[in-house]
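Report on one structure; see the data block that follows.
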Amino acid sequence: MLAITNLVTQFASIKALDSISFQAKPGLITTVIGANGAGKSTLLRTISGLERPSSGSITWFDEELTHKSVEAIVRSGISQVPEGHAVISQLSVAENIELGGLFRKRIARGDLTIATKEVYELFPILFERRNEPAGSLSGGERQMLAISRALVSRPKLLLLDEPSLGLAPLIAAQIISIINELCRSTGLTVLLVEQNANTALAVADHGILLALGKVVADLPAKEMAADSSLRAAYLGY
Amino acid sequence: MTPFLTAFFSGTAQGAIYALVSLGLVLVWRSAGVVNFAQMGQAMFTTYIASQLIQNNYSYWSAFLIALISGAALGALVDLGLMRPLTSRKNSQLLNSQSMRTTIPVIASLGILGVLKALAGIFWAGEERGFPSPVAPNAIKIGDTSLAITGFDLFVIGTVFLTLVLTTIFFTKTGMGLAMRASALNPEVTRLSGIKVGSVRTLGWAISGIASSLAGLLVTPRTNLSPNTLDLLLIIGFTAAVVGGLSSLAGSVLGGFILGYVISFVNVYSAPENVFIAILAFLLLALFLRPQGILGSKEVRSV
Ligand SMILES: Nc1ncnc2c1ncn2[C@@H]1O[C@H](COP(=O)(O)OP(=O)(O)O)[C@@H](O)[C@H]1O
Ligand SMILES: [Mg+2]
């Protein structure tokens with residue numbers, strides 16, 4: 001279980017996360033929704049160690065993550081697909097995927113080969129284009145590549161920052177449904193950040209609504225989806 | 001021998017050295033994203049170490065090897081002692097703009113250059129001395145005509161090609177090489193892939209330190225060794241790196257040879273005092289015609 005307790009992350013005087021607490025249950029999809037600037041990316045970046053919290057704690061089962069380095073957090077099984085289809089465009093598709101598994105090349109070479117084969121089966125288009133630079137991919141393909149890079153590390157917790165952002169609705173739906181299937185078939189724990197509440201709540205088990213760095217609702221996804229007053233107040237539609 | 005062949009052979013020999021300097025610059029650029037102006041200072045310092053060892057009756061080759069190891073250590077030290085603390089999280093106030101993040105390490109590298117020159121002054125009184133070559137510097141002869149190229153030149157050219165081949169294999173065929181390219185291109189995504197970007201960078205500085213040290217050992221048999229003799233080499237090597245495309249190892253070596261020919265042909269057909277103008281003109285022309293470098297890729301330059 002991922003447990004966030006009284007977490008504060010600030011940039012100069014702005015508290016991007018203002019003492020937030022919630023939990024994400026293992027094997028389920030928890031979605032964090034909120035308007036632009038609510039603090040969603042800051043939350044994921046703090047969990048991954050890219051931003052340092054000024055107080056509060058982050059634990060994954062019995063493991064305290066709060067002061068670990070970014071690399072150590074990844075090595076404990078927590079991978080992030082950052083905002084904006086983050087792939088390295090000058091490297092080839094295959095190299096981007098290889099990068100994700102590089103840190104365990106020596107300890108688990110056999111499994112790495114299997115994991116690589118699995119992501120190519122999940123996204124056959126990436127296999128077709130494996131020798132092309134990642135920069136030549138379409139937005140949707142880049143997102144698939146970013147997800148693949150994270151998956152070959154065999155994460156137990158996958159953090160996704162707005163995977164549907166900027167994608168055509170059909171592609172976005174396809175990506176969200178692949179994430180859903182992954183979670184259901186492998187027991188992967190997912191923390192899915194989305195601005196698009198409908199898409200996210202449709203697949204999630206649980207919803208966290210963030211507004212200006214605070215948790216304003218923490219509900220089962222079905223209830224959150226049904227509560228139109230919450231949406232009207234915080235998401236503006 | 002015709003002036004043309006003289007210029008060609010001497011250009012090849014000089015170009016090999018420029019190629020090595022350029023390669024060292026590109027190695028740090030590709031692994032740490034820093035233009036290292038201290039590089040020839042590192043080369044000068046490690047060559048003094050070799051020279052000192054030879055004076056103390058070490059064999060040439062053991063001094064050569066120790067100089068290369070010192071080069072690696074000095075490169076790693078520059079990163080661990082200065083670059084890493086400077087760019088650490090504690091300085092995030094200072095480093096909050098991209099221009100500061102790229103400028104500060106460059107200024108720091110100029111500082112290191114100054115420090116290394118001062119240290120050479122303290123330890124070796126800044127004296128100019130000769131440095132031996134491992135291969136007799138006799139001109140190679142075909143029949144009765146002696147070519148404007150020596151056995152030592154061939155040794156230099158061979159060493160440069162070997163270095164290029166080894167570094168290229170390292171960068172393109174090994175996991176560590178991939179980690180190094182990724183670290184320079186996108187440190188955040190690389191860290192999010194579980195790679196210790198800091199250590200990878202230090203290794204890049206160390207490898208570049210070896211290349212620089214090698215350049216010092218190979219050029220000083222011609223130029224002699226003093227704290228300032230290698231300064232010109234940095235300018236030429238830097239031009240070669242830019243001409244070749246800062247991102248490409250092979251391009252940087254090609255750039256080095258091209259500069260060798262430009263300089264040598266200007267020397268033979270024009271006058272030595274025009275060399276600098278020729279280098280500048282060539283740099284401008286190259287930037288104008290192929291801003292991404294001869295073998296550089298477009299994306300890298302635009303990032
Ligand atoms: N590196 C930063 N420096 C300063 N302020 C930041 C930084 N990153 C985010 N913020 C601020 O923190 C708040 C939350 O941002 P963010 O987490 O990106 O929101 P979201 O992902 O929900 O759109 C915003 O007010 C934003 O301006
Ligand atoms: Mg965001």
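Along the chain as shown, residues are numbered 1 onward.
Heads up, the Cβ atoms here are built off N, Cα and C, so glycines get one too.
The transmembrane segment annotation in TrEMBL covers B:6-27, B:60-82, B:103-126, B:146-171, B:202-220, B:232-263, B:275-295.
Below 8 angstroms of C-beta separation, residues 32, 34-42, 44-45, 48, 51-52, 78, 82-83, 86-87, 94-95, 226-228 of the same chain, each at least six residues beyond the ends of the transmembrane segment (B:103-126), sit close to that stretch. The transmembrane segment (B:202-220) and the transmembrane segment (B:275-295) are not in contact, since fewer than 3 Cβ pairs between them lie under 8 Å (pairs 6 or more apart in sequence). Same-chain neighbours of the transmembrane segment (B:60-82): 28, 32, 36, 38, 42-43, 45-47, 49-51, 53-54, 108-109, 111-112, 132, 134, 201-203, 205-214, 216-217, counting only residues six or more beyond its ends whose CB sits under 8 Å from a CB of the stretch. For the transmembrane segment (B:275-295), the residues of the chain that approach it from at least six positions outside its boundaries are 235-236, 239, 242-248, 250-251, 254-255, 258-259, 262-263, 266-267, 301, judged by C-beta separation under 8 angstroms.
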